[in-house]
Ligand code: HEC
Ligand code: HEC
């Protein structure tokens, strides 16, 4: 199986060219097209539950992650400008859910989709393996933050609207698939939040959508600025300048 990301493939994906794959488990294209029409938070019958129950192989996870590292960076830290999210330290359950949703059409991600296909990285076991690898990578000590000009409003909005799911420090809840949002790049938080609010992120949680429906743009930026400054526990964060020795 091809693991390394070729420059040509990356270029093709970035301009949106569709690629044809010969090898690997087949994708159910009809199901994929059906799912693309749906708005569903917890889909039934996809790879998610199966991947959650497989015993992960971290060594294979490392091999799979090589293709991901081209965008999410070898450390899993993403980019401060939010183009690519930080994945390091995210709950395994959340990574599995998002990856399964992207693969089966419940979440749009045309940039990444060709690299997440079974023909590229393998079947459901690969999802379990790579999620295990990513979840225990230590996090970016210098994530992107907002302007810092409206933090009191942000703190109030967070306490009133977000704590019950994402927790007081933004750690989320692995059992409930609530993502860790502490330490994430501000620009990525803003993009995802708007997409969740507008319904563009079709696999979002309907209770969250309801909770934030009256947020103004000022509220949105204030609360996410506050979130971007929430610190993950020190033992989850890497030292500044850490390089992942797996990808030297
Ligand atoms: C060509 C670039 C690219 C590659 C390669 C890539 N990704 Fe991504 N990935 C992205 C982008 C862009 C996003 C954010 C999309 C958005 O804004 O909705 C993303 C989002 C994600 C998310 C969702 C994160 C969240 O907070 O919800 C997960 C999980 C993820 N990627 C895992 C992977 C894994 C695992 C691999 C390797 C098998 C991989 N990605 C390869 C570009 C890439
Ligand atoms: C009812 C629970 C709930 C509430 C309340 C809630 N969220 Fe969420 N949030 C979720 C879930 C679940 C997801 C992941 C959705 C999915 O499965 O795709 C999410 C996703 C997000 C994301 C995208 C994270 C990523 O990695 O892609 C951001 C940002 C976010 N929430 C911020 C907030 C903020 C800020 C508030 C308060 C103003 C809030 N949420 C309130 C449950 C909630």
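Residue numbering: from 1, along the chain as shown.
The backbone N, Cα and C atoms fix where each Cβ goes, and this holds for glycine too.
What TrEMBL records for 1-22 is signal peptide.
Across the domain 'Cytochrome c' (56-138), DSSP helix (H, G, I), strand (E, B) and coil residues number 48 helix, 0 strand, 35 coil. For 56-138 (among others), the entry in TrEMBL reads domain 'Cytochrome c'.
Taken from TrEMBL, the feature heme c 1 binding site applies to 68, 71, 72, 112.
Marked as domain 'Cytochrome c' by TrEMBL: 149-231 (among others). Per DSSP, the domain 'Cytochrome c' (149-231) is made up of 50 helix, 2 strand, 31 coil.
A sphere of 10 angstroms centred on the C-beta of residue 166 (heme c 2 binding site) encloses 21 other C-beta atoms. Annotation source TrEMBL lists heme c 2 binding site at 162, 165, 166.
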If you count the other CB atoms within 10 A of the CB of residue 72 (heme c 1 binding site), including all protein chains displayed, you should get 21
One of the binding-site residues 162, 165, 166 has its Cα closest to the Cα of residue 71 (heme c 1 binding site), namely 166
Not counting 68, 71, 72, 112, residues with a CB within 8 A of the CB centroid of the heme c 1 site are 67, 69, 70, 84, 87, 115
The rounded CA-CA distance in Å from residue 68 (heme c 1 binding site) to residue 166 (heme c 2 binding site) is 26
